[in-house]
Each structure stands twice: as C-alpha cells, then as structure tokens.
Ligand code: NAD
C-alpha cells in the first residue's frame, strides 16, 4: 500500500485534511483546511463524481490552497479551505447527506466554514445549516454572482487603464466566453460602458438575450479565441489559457471570472512575453467571496460594494509591480497573497 498525501502534487503544507464519512447517508467527503493564519478557513463544498479517490484528494488540496490565496489577496479576515463530497450531484443528493456533512463541520468546531460550489446549491446548504452554524451563502442571502461581475468589471477597467492608457471602455471590443450568472452581468456592465461584445456560449437562449439586449455579436465556442478584440473575458471554463489558445488570441488583456484560467503555471509568463496583460483569476473574481464573507461575519452589507471595488486597486498594484520586476502578474499576485497570510 502506498501512502501518498504528503507527496501529492497539490499538497502544500495544508494544516489539516479530514476524511469524513457516515454510513447511513453514504457520505464520503474530504475537508481540507489549507491555512488559518488570517482567520477560519472558508471555501465552498464541491460535489463531483470523481474518477477516483486520488482525484478527489488532489482537487480538494488544490482548491483549498486557492481559497487561501483568494481570501488573502481580497483582504478578508478568513483563511482558505474547501470540501468535496464524492458522488453524483444529479443522482446521489439527499438531505441526510448534507446533514451528515453539517455534523462533520460541527466536529471541526469552526476551523472550516462551507458554502455552495460546483454541484451544490443554497438548498443543500440549508440542510447543512440544520446541524451547524459553520455554513455561509444560504438561500436567503442572495446570489453572489453580481458582486463577482462587479469585481471583474472594475478589474477590467484597471487593466484597460494600465495596458491601453485609457479611462474609458467606450468602443473597446470584448470577447466574452460564458453568459452565465457572472458572465451575463459582466457583459451588461461592459455594454453600459460602451464596449462592443463578441460572445460565445452553449446556451442558445443566453446568446439570443445577449444579442437582443446588448447588441452582442455571436460566434461559436471555438471561434471566440480567434476574434479580433481588446479583451478576452473567460467566464465559463477553467484552463482556457493554454499553448493552443495563446497562439490564437489576438487580445491585449485577459480579464474574466473563470477559476483556474491558466492551464499550467508557466502560461502566466507566456502571456507576459506575448504582451498580454493577465488579470489573475483569483484576484479579479473575488467579489462573490467578499459578499459571502461579509454576510457570514455580519459585517454591514452597505460596505460590500466598496470592498469589491478595491479589486481594481489591488490589480493596478499587481500590474505595476509585474512591469517593474519583469515578472508575470500571476506570480506577483501569489506573492501579494503570501505576504499577507504567511508567517
Ligand atoms: P454559470 O454556470 O452560471 O455560467 C457558465 C456559463 O458558461 C453558462 O452560460 C454555460 O452555458 C457556459 N458555457 C459552458 N460551456 C461553455 C463553452 N464551452 N463555451 C462557452 N460557454 C460555455 O457559472 P457562473 O457562476 O457564471 O461562473 C462562471 C465562472 O466563474 C466559473 O468558472 C466559476 O467557477 C467562476 N466563478 C464564479 C463565481 C460566482 O460568484 N458565481 C465566483 C468566482 C468564480
């Protein structure tokens, strides 16, 4: 038998990794607390039909580390964590499953606070909440996506100012991939600011709405990488910045909401060499977690927007420092986060 967690690719001195299970509900989950130097670890619960337990472990290690960086760079008083439930979110969900997760969180006594994520919903979190208070982003709290979209918009403004030396979005062309909860709201803001939109999605209704409401030009999901535009805004999938798309993209800026946009870490530097300004994903897409964190900590909702707008200032600092030091924005953003959470 091979013990492999400490040698796992994504293991990064996580404080605690807890395997949780419960026979009656069939719960099989993993909670990873990456770092709590800034406060209790917060990050969503993903439910996924993982190909193997190793895939689930790797995912929770990677995602929880990412939350530490995202929360730190956003200036939130929380650490980074994540949980995964192994199972099919379409067929395996029961109230008992999420109640059992709630009991497991209660045993961690607040070291990790969960929320919804891919494969889970506010309704699932309501079952978690019957067993523990260590859960955020409940049904009545509203959708955090508009705040993620606001963060993307102010992030794009900062990128335009830095890269194109312009204060206005008027007439800029944005190639936007994914008109979902975040992408559509971001597109709406870009349109209102005078940008021209070229959009791609697999959802015909969303495309039609963007065409009629926002005057967007529609292209295929493959052609979105090839269009002539100023900004590429990935708001659907991860890993869309890779050697293949890098050869095709004709933009000067990447500013979008998707998580894990770089297929591999070196792509950050390849973008720099190509003269493309990359707004690191975990900096620009933190609007949603800012909103959820304020709610959980009972901080005034009236202050959320101002905090989200600080994403623009943080990015401006990252861009300037990356230029000065001749390094990729992604590496510099990592260092900004580390300076805050590492002891
Ligand atoms: P969503 O599921 O509402 O929207 C995703 C959209 O992408 C959908 O319209 C879908 O049809 C479209 N899509 C799927 N495959 C596509 C493809 N191949 N080409 C083009 N479009 C495709 O998700 P969301 O909540 O809007 O999140 C979008 C991205 O932002 C995700 O990567 C998510 O992890 C990230 N993110 C979201 C938030 C948030 O607050 N919702 C916060 C941080 C990061």
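Glycine is treated like the rest: Cβ placed from N, Cα and C.
If you check TrEMBL, you get these features:
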- 82: active site, proton donor/acceptor (ACT_SITE)
- 178, 179, 180, 181, 182, 183: NAD(+) binding site (BINDING)
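The sparsest Cβ neighbourhood within 10 Å, among the listed binding-site residues (178, 180, 183), is found at 180. Each of the recorded positions 82, 181 was scored by the number of other CB atoms within 10 A of its CB, and the lowest score belongs to 181. Highlighted in sequence order, 145, 184, 185, 186, 201, 206, 235, 236, 257 have their Cβ within 8 Å of the centre of the Cβ atoms of 178, 179, 180, 181, 182, 183, the residues recorded for NAD(+), and are not part of that set. Looking at residue 179 (NAD(+) binding site) and residue 82 (active site, proton donor/acceptor), their Cα atoms lie 26 Å from each other.
Around the Cβ of residue 182 (NAD(+) binding site), the same chain contributes 145, 148, 149, 152, 235, 257, 285, 288, each under 8 angstroms and 6 or more positions distant in sequence. In this structure, the CA atom of residue 178 (NAD(+) binding site) is 24 Å away from the CA atom of the residue listed as 'active site, proton donor/acceptor'. In the three-state DSSP scheme, residue 181 (NAD(+) binding site) is classed as helix.
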